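As structure tokens, the structure follows; a few thoughts come after it.
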Amino acid sequence: MKVINLIPTLMLTSLIILTLPIITTLLQNNKTNCFLYITKTAVTYAFAISLIPTLLFIQSNQEAYISNWHWMTIHTLKLSMSFKLDFFSLTFMPIALFITWSIMEFSLWYMHSDPHINRFFKYLLLFLITMLILVSANNLLQLFMGWEGVGIMSFLLISWWHGRTDANTAALQAMLYNRIGDMGFIMMMAWFTIHLNSWEFQQIFLTNPKNTTLPLLGLLLASAGKSAQFGLHPWLPSAMEGPTPVSALLHSSTMVMAGVFTLIRFYPLMENNLTIQTSTLCLGAITTLFTAICALTQNDIKKIIALSTSSQLGLMMVTIGINQPQLAFIHMCTHAFFKAMLFLSSGSIIHNLNNEQDIRKMGGLYKTMPITSTAIIIGSLALTGMPFLTGFYSKDPIIETANMSYINTWALLITLIAVSMTASYSTRIIFFALLGQPRYPPLTQVNENNPYLVNPIKRLILGSIFMGFLISMNTIPHTTPQMTMPPHLKFMALAVTLLGFTVATELNNMTHNLMFKQPSRMHTFSTMLGYYPTTTHRVLPYPSLTMSQNLATTIMDSIWLEKMIPKNLTTMQKTAASLVSNQKGLMKLYFLSFLLSITLGLLIAL
């Protein structure tokens, strides 16, 4: 019992430490660089303290619940602040803190010339805090607060360079697409309020209501918006307009992971609902294939990595769809390490090449930037699921489990194709950015000797190598794993990965010196992201916006300012003038007619 009592105490201590730098900004004006180091140190201490309850949980396997502040009671709906410290939250929190610590240290180098770097660090810290609120929440209200918190912080961080039109547009896209998902989340909250009169997870899961398809569809819509699934995905590659540390934090352990994590939280309701499982599986399979196709022909290094994130999120949705939430969570944790490392490495290249992001203008960087090149190679191999790197311990079991789900053959097939494409575009990054001859200006000064650049990448390299083994060794399977399977199924994940590597290498070598005369339709489809942004952001809104503009500026003005008043007055005046102008104004003729009439009348009277 003493061990269990230590878990909530230490975890709350780490959360309180994170809030201290925010409180200092309210008490005094932090114009010096001390705030940066205070914030980084606070995250480091919080990470060190959070490791203790995680290790205690691994030893005792006892969950802890904290309910320490009652807010209000509305009729019989009790609203309180409560935390759920179980396997998911206690495992994810140290990982998020470790990655944020590395990203903040990297930001000291990457953002050193920004005049508002103190505010930038505060936003990063708030981004982390809202994600930890979401992860540790034990009720829907607290979960919704964290949900909206990561949304607003992503808006502020994506639009950090608000002088750029593209950055503002990308932030608005992220906000609007997430508002669509929030409609589903609010619908789910309303359904549970009406039918269960409770937002506490324990009561919802113990009640286990029937016919939960409607609220779970709302949850799936919310997760699709937050985790950039097909249909609500265009904001994710656009979000690359933000600073690289923002992209690293957003893609590794905060914003996009919130949707998948929420689905994992609600798996007790989903595991017996075949409609939701099938919908999740199909949505994830379509997403992972579509975004992998789009990543194959992109030239922006950050967009390639961003689309790979969306593809991996689709793979996590596939895993949830085949009723393996623990596997999806393990992949979420392992993915965080190498994805953060890939973004930091790309930021190192971009910063050293004077903001050049086109991989066609790189090359030969393995000589001038060996540490960054090593990180990109290890991260790309881990992303593809190369054996004994971090990604292997989650990706290989996912493919094995999917192979055993024989009723979902088409979803398995396109998932395998997407896994092979992952190896292809990862090889393409290595081939164009690191190998060959330099294609950047010869006077470019390349330097990676700064410890704020090198140390975070080194830490993430170690995480990308060893953390998959450590996490998988301390995870209890949700269901009984398949004990036997044919050898060709066992090696399927490795086979499709090697196939992708081989095809990408051969194609790159064959086409390196060829002129690209005219792109094919498939190439254009991939480069234009499946024409989805063009269709949804231009073709469909254009008629309605044009009609609205004409209605507001032309038709309304034409009616009120032209037809109703001036033309009506003109018509009235013309009518009156026509009535008056029947008399021609011939006075002599009128007077003569008058005299003749009087004379004739007098003669007749006499």
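Cβ coordinates are placed from backbone N, Cα and C, and glycine is handled just like the others.
What Swiss-Prot says about this one:
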TRANSMEM  3-23  transmembrane segment
TRANSMEM  38-58  transmembrane segment
TRANSMEM  124-144  transmembrane segment
TRANSMEM  180-200  transmembrane segment
TRANSMEM  216-236  transmembrane segment
TRANSMEM  244-264  transmembrane segment
TRANSMEM  276-296  transmembrane segment
TRANSMEM  304-323  transmembrane segment
TRANSMEM  369-389  transmembrane segment
TRANSMEM  460-480  transmembrane segment
TRANSMEM  483-503  transmembrane segment
TRANSMEM  586-606  transmembrane segment
How about long-range neighbours of the transmembrane segment (483-503): same chain, 6 or more residues beyond its ends, C-beta under 8 Å? 384-387, 395-396, 398-400, 403-404, 416-417, 419-424, 427
Stretch-level contact, the transmembrane segment (304-323) and the transmembrane segment (3-23), CB cutoff 8 A, at least 3 pairs: no
Residues outside the transmembrane segment (276-296) whose C-beta sits under 8 Å from one of its C-beta atoms, at least 6 past its ends, are 213, 216-217, 220, 224, 228-230, 233, 237, 263, 270, 303-304, 307-308, 310-323, 408, 410-411, 414-415, 417-418, 421-422, 424-425, 428, 525-526, 529-530
Other than its close neighbours in sequence, what residues sit by the transmembrane segment (216-236), given a CB gap under 8 Å and a spacing of at least six beyond its ends? 147, 150-151, 170, 173-174, 176-188, 191, 255-260, 262-263, 266, 269-270, 273, 276, 279-280, 283-284, 286-287, 290-291, 306-307, 309-310, 313-314, 316-317, 529, 532-533, 536-537
